[in-house]
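Undergrad: According to TrEMBL, the protein has these features:
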type	residues	note
BINDING	B:55, B:56, B:105, B:133, B:136, B:264, B:265	carbamoyl phosphate binding site
BINDING	B:83, B:166, B:223	L-aspartate binding site
DOMAIN	B:3-145	domain 'Aspartate/ornithine carbamoyltransferase carbamoyl-P binding'
DOMAIN	B:152-302	domain 'Aspartate/ornithine carbamoyltransferase Asp/Orn-binding'
């Protein structure tokens, strides 16, 4: 195994130093044959961990595969991603989660951790075999019907309770389905002008409010996916103040983009939950800094061209995000490296119970890390993405920061900004 | 001149006025024995209709034919569209056939915006989802101006299912641009959120039709689909009619000169009683005739004719 010396690197923005990666770990010794990487001006972060990725395999390999998604993740500075369960077939059995997990191992670019479905077929009727997925080789701990809300309150209560047996966590896509029938975009001034059916903020907030009460009642852990409204932030703030074991994520796009973009009717801006207003964006940013929102998760949602090159109402919701997440967060938070590491690596790893990721890059820690050039600026070009899909909302946007290298257990997955394999 | 007419917001006051003036000239033509102008000879206008709408389609067809354009009717039923062809592929086909203008009616809001990105010709929105129907607004404005002599300062009530109405959105935008004062009236469930901020800050909203009527120059009744009842927008069609329907008693509350409009098709007995629809204040049949003139003006000006 090749050893590496990262010369002159700044760990989390600290004074520059040399960092040796030996036998998959951060080391204070350096073999003479170590490969030297000039890391002057580069910042080392613990490898990013994404709790919310759609890899589309099995089922929609035309949009993404575990391999292409893994490459996209590595190029974005990630060393672990959690693959959502809404594949075809749905990841609701030990067999499917093990298949995804095995495909991730074969790709070998990031650790792919499958998320199991909460209910059979994501249908919201009956619990999937959560224990079997937890006991499988994939060792599933996060369960989610993402894309669908576990709307039935009794079923949600049971799911929250049941996973306590193996320290699981339910990640809820908070969307009251009756309040969002036919919904196309955020309900407000812009939806009224565009004549698109509104997705009201209350449809998210009502479910989060219910779920934090349920989690409190049964003493379980709840994770809230892609929080998108200022009102949700307030519900979470109150729940956390009461000691409810709830964590929450926000996507990069909800930190940057607003519903005004829908005015083009270009479905590249169609996403679920929808882009909200500027005041929501402001509240989400503040909540992320404050810690009311614990982490950034991409909700990377690749879609084939034909599913986006159509009328708004007929397009699938979702945006790719793995390769632009860190640049977007940098543009929002600035170079607060420790905060970025907390929100994009340490905390997501902790929520998921994922060991070996989100460490502080001390001697002896697994060498899962990424090197960022904070001074670089890049114009996003969809054709350059490693994802199989092109549905980025940032085409032509200049974003700060460039991911120069990523290491997974001491092996480079990205060097000079290019995927190694 | 603008290239596309996707929204009434594409029109500033000068352009809108030019279209209305041109529509007046076109209307004069309708009184002649030979109703045709050679203006668009050799040009191709495609009517691309994804929804059944005989009245709007034949209105556009008559307009294009009176300008001597070649007209191709492309309807979603019985075409490749029903076999699942995408809007983009249809657009590329029309582009290859050399369409100078595409008139599109589509159930999805914003479809004309998408289409405009894929064809070189002009795109005219003939109604998209619950978004807009700008030529309806033009013919309505033309009708108001013909009957009442002006638009500036006119007080117009638009009554009914504003939430799902493309006619209402286009009318609010166009009438405001032309100086009229619009009041939207309906049950709160059918008035979209933030409507004034969305369309024009001057727009007023009322839930009480009776209190609004005495101050109006125009009252425009929107079609209300009885299916809205299933979604609990209102309890029953009888209750809707009682609170928001225009009957003779309510019509008498209007000033003497005020007119009653309806974009059609009407639900007689629901939002409007037959006595009102057929009264001398009603402009409903005139609106249909004016529709051809307004659409002639739009095609004429978009395709490079001079006023």
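Glycine residues also receive a Cβ, built from the backbone N, Cα and C atoms like all the rest.
Where the annotation comes from TrEMBL, it is an automatic prediction and has not been curated.
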Undergrad: Are any of the binding-site residues B:136, B:166, B:264 near chain A, where near means a Cβ under 8 Å from a Cβ there, and if so which?
TA: B:166
Undergrad: Take the domain 'Aspartate/ornithine carbamoyltransferase carbamoyl-P binding' (B:3-145) and count its residues per DSSP category (helix H/G/I, strand E/B, coil), listing them in that order.
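TA: The domain 'Aspartate/ornithine carbamoyltransferase carbamoyl-P binding' (B:3-145) comes out at 66 helix, 27 strand, 50 coil.
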Undergrad: Could you say which of the binding-site residues B:56, B:136 has its Cβ with the most other Cβ atoms inside 10 Å?
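TA: Per the Cβ count within 10 Å, the most buried is B:136.
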Undergrad: Roughly how many Å lie between the Cα atoms of residue B:166 (L-aspartate binding site) and residue B:265 (carbamoyl phosphate binding site), rounded to a whole value?
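TA: With distance taken Cα to Cα, residue B:265 (carbamoyl phosphate binding site) is 14 Å from residue B:166 (L-aspartate binding site).
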Undergrad: Return the single residue from the binding-site residues list (B:264, B:265) that has the minimum number of other CB atoms within 10 Å.
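TA: So among B:264, B:265, the binding-site residues given, the one with the fewest Cβ atoms within 10 Å is B:265.
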Undergrad: Pick the one among the binding-site residues B:55, B:105, B:133, B:166 whose Cβ has the fewest other Cβ atoms within 10 Å in this structure.
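TA: If we count Cβ atoms within 10 Å for the binding-site residues B:55, B:105, B:133, B:166, the smallest count is at B:55.
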Undergrad: So which binding-site residues are near residue B:223 (L-aspartate binding site), with CA atoms within 10 Å, out of B:55, B:56, B:105, B:133, B:136?
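TA: Close binding-site residues: none.
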Undergrad: The domain 'Aspartate/ornithine carbamoyltransferase Asp/Orn-binding' (B:152-302): mean pLDDT?
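TA: Taking every residue in the domain 'Aspartate/ornithine carbamoyltransferase Asp/Orn-binding' (B:152-302) and averaging pLDDT yields 96.
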Undergrad: Reduce the DSSP letter at residue B:265 (carbamoyl phosphate binding site) to three states and note it down.
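TA: Where residue B:265 (carbamoyl phosphate binding site) sits, the three-state DSSP reduction gives coil.
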Undergrad: Taking the Cβ of residue B:223 (L-aspartate binding site) as centre, how many other Cβ atoms lie within 10 Å?
TA: 18
Undergrad: Other than B:55, B:56, B:105, B:133, B:136, B:264, B:265 themselves, what residues in this chain have Cβ atoms within 8 Å of the centroid of the carbamoyl phosphate site's Cβ atoms?
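TA: Filtered neighbour residues, in order: B:53, B:59, B:126, B:127, B:167, B:263.
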Undergrad: Once the DSSP letters are reduced so that anything not helix or strand counts as coil, what is residue B:223 (L-aspartate binding site)?
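TA: In the DSSP reduction, residue B:223 (L-aspartate binding site) maps to coil.
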Undergrad: Largest pairwise Cα distance, Å, within the listed carbamoyl phosphate binders B:55, B:56, B:105, B:133, B:136, B:264, B:265?
TA: 16
